[in-house]
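As recorded in Swiss-Prot:
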type	residues	note
DISULFID	49-101	disulfide bond
DISULFID	149-155	disulfide bond
SIGNAL	1-7	signal peptide
């Protein structure tokens, strides 16, 4: 088991303007690869509340600007108001919602390994982390990958998969398999 070293301050995560990501600020999470797009929330199963975490693509039915997210710290003592590399955060869609669906905006991973909403801030299994990548993508800087890091289990990369006709975010078992992300201030 590794413990956080109190004296170790991890590097900040940066958006496309070169500014550190701030807790509680709104961002669009975007896959910068050609043909890919921003992450968004949608209802694809006739559910009471939308809960699918999808990725826009450069094809007509999947075009779009994305749904803003906010990052929430795991605990108040976590490194001030900036998001840092490999530090536990909760990811929450910033959307207008009904009273009924107000608790359906925090990301989690379901039994099918799909990223969905319905997570809870405070639930150790709904934690995500951000890791820097070495990818060089033209016109982009600060390219990262997202990891799902449930309590007592190994972190898994977030990748994408077409499931039931939709580009879904999923966890993947292969360390080399992931989709890159950049963060754009919303």
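Glycine too: its Cβ is placed from the backbone N, Cα and C atoms.
The shown structure was predicted, so the numbers you read here are calculated from the model rather than taken from an experiment.
Features as recorded by Swiss-Prot, highlighted on the structure.
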residue: 49; record: disulfide bond; Cβ neighbours (10 Å): 16
residue: 101; record: disulfide bond; Cβ neighbours (10 Å): 18
residue: 149; record: disulfide bond; Cβ neighbours (10 Å): 18
residue: 155; record: disulfide bond; Cβ neighbours (10 Å): 17
Helix, strand or coil by DSSP: which one applies to residue 101 (disulfide bond)?
helix
How big is the Cα-to-Cα gap, in Å, between residue 155 (disulfide bond) and residue 101 (disulfide bond)?
28
Between residue 149 (disulfide bond) and residue 49 (disulfide bond), how many Å separate their Cα atoms?
25
